[in-house]
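K.L.:
Got a structure for you, written out below as structure tokens; questions coming shortly.
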Amino acid sequence: MQPWSSVPVPKVPGTARPLRLFDTAAGEVRPVTAGRTARMYVCGITPYDATHLGHAATYLAFDLVHRIWLDNGHDVHYVQNVTDIDDPLLERANRDNEDWVVLAMRETALFREDMEALRVVPPTDFIGAVESIPEIEEAVGKLLASGAAYRVDDDEYPDVYFRHSATGRFGYESNYDEATMLDLSAERGGDPDRKGKEHPLDALLWRMARDGEPSWESELGPGRPGWHLECSVIALNRLGMGFDVQGGGSDLAFPHHEFSAAHAEALAGDHPFARHYCHAGMIGLDGEKMSKSKGNLVFVSRLRGDRVDPMAIRLALLDGHYRSDRSWTADALTKGSARLARWREAVALEAGPSAEPVVERLRDRLSDDLDTERALLAVDAWVDEALCRRGGDAEAPAAIRDAVDGLLGVQL
């Protein structure tokens, strides 16, 4: 798959700050100690409802990580997948009497357009699950051979499952107890009640072909891959073990990221899969959970269709800590639009207060676990002074414009 078009990132003068992020596995904010090439994997969309604001908020958070690494002089190898074969996609296609391939292609194209409009720096590798099936088949074979996987006792559908206990470390990423894991597995695409499994938590690796479902010929038998293993294989084969950041929404901490790590660690015989597990909060609507079942998803494309400036959307989503569950409201968008207008007015002036202390504060805030709320306030303070015609630095408006673009991704 091809990602969206590249987004220019201005170089910001001054001294960058090393990044610190909350690590779900450690339960604390820790330094992210990347090498010359920083490596990140962020779980992508299942392309049937793209791009809602929950998606957007997650990818904006990890876009900031990308930008901070660039500011620190790192090369960045960023991998993002597309889950272009999975039960929710097939269910939507069946509901709408649409070919699942056509649906996935259309929604993936829409996602690319939305990401480009929001000025998200594209991944180095943008990889679909379908194109990765040969790699996934090979991985399932290795897990079976090592004893980390088994076939269920089912003559009709002898699906392949992963022994969750295979690495001896299962649970280290999410830190949930078994009862919580079982509840979340049932809620989030698992099948704890599947007959023939050795343990309710064991996860699907290869689903044998069923009537009416797409499948691929394989030495494993005709079928299709399980969700968690797709990300394990795509990340492992492109980034290797011990990459810097595994990212996604907080609903992916378990079971998805826990199993992705366990699968990869069983395959590699090494630990850890990622050195930082980082999760973004959920976005609600007017105080309620935003979900497909409630029918209250807000889509970036529809806002753009209503002529909302994508930079106002970006500012509205950045006005809150990325790890917090937040609510999208009309007031939030109004505030983002007003802020954007004031910032653009200020950087269009011939002069303003010195930009240097503002850029320092921006870097300080963003490097401290992506504290975007206080980063925006730092720019607001400069804008207030500039619009009051205080300060005579003729280079300041352009410097602020470039810093806001380079570090926050907001084009003024």
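The backbone N, Cα and C atoms fix where each Cβ goes, glycine too.
Because the structure is a prediction, the values reported are computed rather than measured.
When I checked Swiss-Prot for this same protein, it listed these features:
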BINDING   Cys43, Gly44, Ile45, Thr46, Thr58, Asn81, Val82, Thr83, Trp227, Gly249, Ser250, Asp251, Ile283  L-cysteinyl-5'-AMP binding site
BINDING   Cys43, Cys231, His256  Zn(2+) binding site
MOTIF     45-55  motif ''HIGH' region'
MOTIF     187-192  motif ''ERGGDP' region'
MOTIF     289-293  motif ''KMSKS' region'
K.L.:
Mean pLDDT for the motif ''HIGH' region' (45-55), as a whole number?
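P.N.:
Taking every residue of the motif ''HIGH' region' (45-55) together, the mean pLDDT is 92.
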K.L.:
When the motif ''HIGH' region' (45-55) is classified with DSSP, how many of its residues are helical, how many are strand and how many are coil?
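P.N.:
Output for the motif ''HIGH' region' (45-55) reads 3 helix, 1 strand, 7 coil.
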K.L.:
Can you name the binding-site residues among Ile45, Thr58, Val82, Ser250, Ile283 whose CA is within 10 A of the CA of Cys231 (Zn(2+) binding site)?
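P.N.:
Cα within 10 Å of Cys231 (Zn(2+) binding site): Val82.
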K.L.:
May I ask which residues of the same chain, at least 6 positions away in sequence, place their Cβ under 8 angstroms from the Cβ of Thr58 (L-cysteinyl-5'-AMP binding site)?
P.N.:
Val42, Gly247, Gly248, Gly249, Ala280
K.L.:
Would you work out the biggest C-alpha to C-alpha distance among Cys43, Gly44, Ile45, Thr46, Thr58, Asn81, Val82, Thr83, Trp227, Gly249, Ser250, Asp251, Ile283, the residues that bind L-cysteinyl-5'-AMP according to the record, and give it in angstrom as a whole number?
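P.N.:
Taking every pair of listed residues, the largest Cα separation comes to 23 Å.
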K.L.:
Could you measure between His256 (Zn(2+) binding site) and Ile45 (L-cysteinyl-5'-AMP binding site) for me? Cα positions, answer in whole angstrom.
P.N.:
13
K.L.:
Determine the most Cβ-crowded residue among the binding-site residues Cys43, Ile45, Val82, Cys231, Ile283, using a 10 Å radius around each Cβ and all protein chains in the structure.
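P.N.:
Counting every other Cβ within 10 Å of each candidate, the maximum falls on Cys231.
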